[in-house]
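Q: Would you mind keeping the following structure in view while I ask a few things?
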Ligand SMILES: Nc1ncnc2c1ncn2[C@@H]1O[C@H](COP(=O)(O)OP(=O)(O)OP(=O)(O)O)[C@@H](O)[C@H]1O
Ligand SMILES: [Mg+2]
């Protein structure tokens, strides 16, 4: 079986149950959204899949293979990548250097010592293509800490995409981005490769309904329901949940 | 392109000028050059990879003892001795780093100091091999490359140390622009992100620490060969701390900051201190606090800091 | 059997000293997130003051002790205001440097005023007497050290558990942003905590002068020892420091009794092994 298969996944922090018996599938090419109130356990779920956290129970399989024994870096090598809810870049490196790093590592060149980091034409071409894909051309040689927040979120996505993953989890890609700029994020998501499996965690419902073909609702660590955007929009329980002001 | 070769060129010019200006201070000049090698090793570990250490003297001392013992018992050839020193430093860094690189913050700093103390203790106990508190004596290095004999004025010693220093500088400059160097800067900036792009931060940091240990070992080997004496002081906390201060004074992560900081520090030391170690502590204490509060990025960043200041930038002080 | 009891008594006394000196370091590091390498300097200042007051001016031990601890606190408070407060927000490396600089200044000052030789603190008759425990002679001094150490941990527990200051301090250690949002004056708490830690270090330095002799280089010589207590105990944990200090006291003493030639190496070996397995220490928080 191709793609991600999660069965009976659970996670406790001490006495606090943050994920409870989660079953979840994400085949290649999927566009799913994971929504739910603050503290529902969405980021925790992403961290369990990518290996930042280890689960208290359950299984995670990717392309038919159990990835439980693999750490974060090893799962990246298998094709699982994620962006960070809180922007986590290399602030004093330029945009180009930020993107060069993951490409070099993906190509297994990260430990080469006696050639220039910028000396490989193929890698440079790929980095430039990524910069163009995210419309970051004019900023390419600026340190990312000089960039506006919305642009930093684009670099955040570009960094993960540079790993050529087959599964990409976007943890609140539009968090903190002014609404006038969310369209940039949405367009960037729409331009992701067709065969890539994408899971978007997001509070911004406009974004969710624009990009997701299926939506999973997580509440207090449990999956409340899953359905098409229409089904979710008309689900009484979900509406109640989001009328309470959690809509972000 | 031309700008990039300016610092090394200036360095070489300054070194030649110093040779002719201070012909009677060659021993002191040589000490500076050797210290630059040690501080360069620290720049790799701390300036590039962001590993906070107060124990670089451990690898320096290991290199010094290894080179000294190698010269006495195995082969007097200086270059072979450098290799022995580099290996000793690298092996010690790899072994201790295997534990140290799992820790961070205070624990890491404390353990780096502890490793140097353990080394000093071992060297002290193994009196039969190392000479204990009397130091390791009787090192008689052979001719450099079979041609230049070490003379007692220190002419050969100076040029030999300078050549090694420039070589180390060049290697680190190449390393700094390589994929490996970029990945170390990445780890410095964000270890979490490095893991997320598939890098074992632990292993990469261990590699940097080992390399830095090898270079510190070369610095130690130079001392052993040129002063023909190795004492327990090579492991001292003060040496590690002073190397750190020199690096921060000059500015981290740009190599010539290490050179600049070392030269300035050693010169101040030479003028202000040598006769009274305690008054020297007043000077160095005040100097360190001044750097931390007024020049946190080091002298190498002074132009940038001034530029920002004149532009009225908010980051002038940070 | 006798050997074990000897190790236990000496180790506990040693551990109490380490605890008194290091607990302030642990709490301030946990609270202010500052890497402070100068903490041993306060033990030195306390010891130097006690030496000057006791041996120089001839004050009785008890009075010299009290005045020396008070004097250390008086010196520590403006230092917190003028130096430490400015470096709380700095990076780790800057903090390391600043506190090394401070350590150097402390060493140089003590040397300037009192010289670089050993600074003995005369003990009163009553404390030099021996108490017969049946299996060995115990000096009253050592018994007093254990008693004072026990009082300190009880006092700290009462302070933290029973007073408003304690509640605020714990809130600030757990989460200082929340604490200041709740209107707790964290600046004042920092200063009081810092002063308390410095005072305890002075107390430990004076009482422990027999085991860790006082001279100008004291803060550098024992820096690692105090940092080990904090690292093993876990940053910010008083109970952790206590357990760690006792364990370290016992282990060091045991290795000195059992493997005198390899004592330092054995001791460091155990410490490194422990930290390799538990990098955050006994009670360290993520
Ligand atoms: N390392 C941790 N230790 C203890 N509790 C944690 C830890 N990480 C997260 N939690 C708790 O787990 C719960 C779920 O957190 P999580 O970050 O997964 O929520 P989320 O759904 O991503 O929320 P948000 O929408 O705010 O990002 C929260 O109550 C959080 O406090
Ligand atoms: Mg989240």
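A Cβ is built for glycine as well, from the same backbone N, Cα and C atoms used for every other residue.
All TrEMBL annotations are machine predictions without curation.
TrEMBL lists these features:
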- C:12-32: transmembrane segment (TRANSMEM)
- C:37-55: transmembrane segment (TRANSMEM)
- C:61-84: transmembrane segment (TRANSMEM)
- C:96-121: transmembrane segment (TRANSMEM)
- C:141-160: transmembrane segment (TRANSMEM)
- C:189-212: transmembrane segment (TRANSMEM)
- C:224-251: transmembrane segment (TRANSMEM)
- C:258-277: transmembrane segment (TRANSMEM)
Q: Taking a Cβ cut-off under 8 Å, which residues six or more beyond the ends of the transmembrane segment (C:12-32) line up next to it in the same chain?
A: 39-40, 42-43, 84, 88, 142, 145-146, 148-150, 152-153, 156, 169, 172-173, 176, 189-190, 193-194, 196-201, 203-205, 207-208, 211-212, 225-227, 229-230, 233-238, 240-242, 245-250, 252-253
Q: Mind checking which residues reach the transmembrane segment (C:224-251)? Cβ under 8 Å, same chain, six or more beyond either end.
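A: Those are 7-8, 11-19, 21-23, 25-27, 29-31, 37, 39-40, 153, 156-157, 160, 173, 212, 267, 270-271, 274-275, 280-285, in sequence order.
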Q: Would you mind listing the long-range same-chain contacts of the transmembrane segment (C:61-84), meaning Cβ under 8 Å and 6+ residues beyond its ends?
A: 32, 34, 36, 42, 45-47, 49-50, 53-54, 98, 102, 121-124, 127, 190-191, 194-196, 198-199, 201-203, 206-207
Q: Which of C:96-121, C:141-160, C:258-277 has the most Cβ pairs closer than 8 Å to the transmembrane segment (C:189-212)?
A: C:141-160
Q: Hey, which bits of the same chain come close to the transmembrane segment (C:96-121), Cβ under 8 Å, at least six residues off its ends?
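A: Counting only partners 6 or more residues beyond its ends, the transmembrane segment (C:96-121) has Cβ contacts under 8 Å with 34-38, 40-41, 44-45, 47-48, 50-52, 54-55, 61, 64, 79, 83, 87, 90, 206, 209, 213-217, 219-220, 223.
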Q: Sort out the residues at least 6 away from either end of the transmembrane segment (C:141-160), same chain, that have Cβ-Cβ distances under 8 Å to it, and list them.
A: 9-10, 12-13, 15-17, 19-20, 23, 123, 127-128, 131, 166-167, 169-170, 200, 203, 207-208, 210, 238, 242
